[in-house]
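Record features (TrEMBL):
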- C62, C66, C69: [4Fe-4S] cluster binding site (BINDING)
- S137: (3R)-3-methyl-D-ornithine binding site (BINDING)
- E162, R182: S-adenosyl-L-methionine binding site (BINDING)
- 48-270: domain 'Radical SAM core' (DOMAIN)
Amino acid sequence: MKAYIDKLECSGCLSQEEFALLIENHTPELDEYLFEKSRALRQKYYGNDIYIRGLIEFTNYCKNDCFYCGIRKSNHNASRYRLTKQQILDCCEVGYSLGFRTFVLQGGEDESYTDEILADIIYSIKFLYPDCALTLSIGEKSYDSYKAFFDAGADRYLLRHETADCNHYQKLHPHTMSLENRKQCLYNLKKIGYQVGCGFMVGSPFQTAESLAKDLLFIHELQPQMVGIGPFIPHHDTPFASQAGGTLQQTLFLLGLIRLMIPNVLLPSTTALGTIHPQGREMGILAGANVVMPNLSPVDVRKKYLLYDNKICTGDEAAECRACLQKRMQSIGCSIVVDRGDYKSAE
Ligand code: SAM
Ligand code: FES
């Protein structure tokens, strides 16, 4: 198995079969072998710097019905909210004073925010904070909408592909959604000029080593600047309420493989990882991640953006999250930097 890790490090990719074998058969010893390499690569490109992204969860209305997601349209127990432009700008103001230089606007697919309204919000954020990067994570839109947001000033876009296996995709989503459209969106975003992030949940229901291997091959094909992965965690009001969640070890192993495959990629150690283990985010960094995404949403709406059960940090003020993460990163020899945290191209 070590030979496959060496091969991945040298050539940047493996075959689907080789990836699947690694995913099925890794051991704690192999994990350590991988993490030494993935950490060294993170170090080479980003040193001990950890980039922060201020996450603003601006709406939990969604027209989609993804089976895994706590804010899916059919969850009538979800208490819905929308932030106004002023509330969003207030989050940015707090974030800027805390040293955030990237803001991420994330939400369900909420059509009450028209392209015009969103473009105005984007333009205003970039006008007020020209030294900051703005990331959008608002799902599938047309080419023209993506272009309008880019022209208004958005720099980056996160759209997890969720799974690169067609059959698996249909088991996670209603038939109104398709992997084909999801992928097309990612290619459109790239063409327009965004820094693009794809990704998937680890341990989602019906996932196999083969489907994970397909995820890795798709990431290799797309060559995104960012990859967002985190464990699947069940939400009590979804069809997947009684399914098992993804594991810490599998998530860490995949983070390490992704760092080896795209050494300079921006790789978050996610809140979901911190939810399944008290030191999950630190372990993610030690497996090769280099980004954390503390929450900047107003405290009174935090609990309402519940994608999965037991989500951490829903009661903390932004400043508390920022300070807590700084301490956590320092405990493993890293430090949070005041920086846009752009992708560094490979020399
Ligand atoms: N609507 C946008 C979209 O579709 O990209 C952004 C919001 S969506 C809630 C953000 C991500 O949350 C999804 O891409 C999914 O991978 C993740 N997510 C949703 N439900 C989850 C769960 N139960 N466990 C872990 N992650 C989940
Ligand atoms: Fe739309 Fe989850 S179903 S954000």
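Here the Cβ of each residue, glycine as well, is placed from N, Cα and C on the backbone.
Listed in sequence order, the residues N64, D65, Y68, G70, I71, R72, K73, G108, L307 complete the 8 Å Cβ shell around the [4Fe-4S] cluster site centroid, once C62, C66, C69 themselves are left out. Other Cβ atoms within 10 Å of the Cβ of C69 ([4Fe-4S] cluster binding site), summed over all protein chains shown, number 22. Each residue contributes its Cα atom, and for C66 ([4Fe-4S] cluster binding site) and E162 (S-adenosyl-L-methionine binding site) those atoms are 10 Å apart. Counting only the Cα atoms, the space from the residue listed as '(3R)-3-methyl-D-ornithine binding site' to C62 ([4Fe-4S] cluster binding site) is about 13 angstrom. Within the set of binding-site residues S137, E162, R182, no residue has a CB atom less than 6 Å from any atom of ligand 2. The Cβ of C66 ([4Fe-4S] cluster binding site) has 22 other Cβ atoms within 10 Å, all protein chains considered.
Here the CA atom of R182 (S-adenosyl-L-methionine binding site) lies 16 Å from the CA atom of C62 ([4Fe-4S] cluster binding site). DSSP assigns S137 ((3R)-3-methyl-D-ornithine binding site) to a strand segment in the three-state reduction. Taking the domain 'Radical SAM core' (48-270) as a whole, pLDDT averages 98 in the prediction. Taking Cβ-Cβ distances under 8 Å and a sequence separation of 6 or more, the neighbours of R182 (S-adenosyl-L-methionine binding site) in its chain are E140, L159, H161, E162, Y169.
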